[in-house]
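Trainee: This is the feature table in Swiss-Prot:
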- 47-74: region 'Disordered' (REGION)
- 51-62: compositional bias 'Low complexity' (COMPBIAS)
- 64-74: compositional bias 'Basic and acidic residues' (COMPBIAS)
- 123-139: transmembrane segment (TRANSMEM)
- 164-190: region 'Disordered' (REGION)
- 232-256: region 'Disordered' (REGION)
- 234-256: compositional bias 'Polar residues' (COMPBIAS)
- 237: N-linked glycosylation site (CARBOHYD)
- 257: N-linked glycosylation site (CARBOHYD)
- 284: N-linked glycosylation site (CARBOHYD)
- 299-460: domain 'FCP1 homology' (DOMAIN)
- 356: N-linked glycosylation site (CARBOHYD)
């Protein structure tokens, strides 16, 4: 039994030992193969590494630096801009070329015949279309226009018995003899020119002699006032007429060399109608003057003076001890007394009122207050620019029945050109015809009295005598 066990053990050992020898041989073979592979791989890796290093070095040498990168990036931008500019220049030149080519083709097309061939006949036909036809069309268009008068018509500066478009037959003769200073005559009437005393304006009078068809034209220079006599009286002796137009006769100066002058010229004015330019009718008179007549009145009237009150007309002042403390504080220094603080309130729209009336009138401030009180307030009103030409105070007033009366005659202005605006009737009691009353103002913020006066004051600057207009207030 023991021998059998021993035999089995040996067999097992032999079986187990045989694979182990084969594994070791395989391991050796594998190790040798791995060694050969590793050496080949190492050699291949070294070759790849050397080639990679060479390529990397060459690429690194050719790679731009950081400083060179922006310059290369800028070049495409400039190239793009230049490309756009060149493109638009090409477009512009192409359009100019197309325009000239098209114009030349259109121009040359007029010199071709219907078969689009250039011949001598087609050339002359195109020349006629370009040169002669426009001239003929303009001539034809000129013939279609209404004919223009060949003789210059006289200028009329007023409307009289016949319309201004009427051509006076004596005007041509009057024009011929205009340069001469002596007497001249024509076949259809008497044309007289006196020696020019004033000179330049001439009046042509047409008067009927015996019938309506026969006229006598007299051309007279304006004479001195002593050579014209006015005899205007209404004829009331005729029966059957309620009124007769008033007539004014102008007698020309006597001259021994003139025998055919009419005795008088009649201007008819209806006393029942308004003496305006449309109502005034001058019979048988035609005005032929080279210049517009001079105005009878001087257009430049002297500048008028406007006197303004201070307290309760332009401003309202409140002392320091009152309830309200708003407004502009102004300290008043009265000699011999302590300074007093006043709060000044402007009347609504005062600045706008003063800025307008200062352009129309010469302004004077006349107040019944004392000078130490009034001067700081007036200076406050004139802080932007000087408004008042003069200032008058309580010492310039007259005390009448315990009231201060302002005598505006001390301003040395004629009473026809001076006005006063005051809220106290006692202040302008001496010159009521020069006064413009106004309501006193204390604290009403909706007051518009100064604005309402502007349109009236604007009209007063063109009045000859302000008393004629302001005195209507006193008429009963």
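For all residues, glycine too, the Cβ spot is worked out from N, Cα and C.
Help me understand the surroundings of these features in the structure.
Mentor: Beyond the transmembrane segment (123-139), the same-chain residues lying 6 or more positions past its ends with a Cβ under 8 Å from any Cβ of the stretch are 110-112.
Cβ neighbours within 10 Å of residue 356 (N-linked glycosylation site), excluding its own Cβ and spanning all shown chains: 16.
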Trainee: DSSP on residue 356 (N-linked glycosylation site), three-state: which is it?
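Mentor: Where residue 356 (N-linked glycosylation site) sits, the three-state DSSP reduction gives helix.
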Trainee: Pop the mean pLDDT for the domain 'FCP1 homology' (299-460) in here, whole number is fine.
Mentor: 90
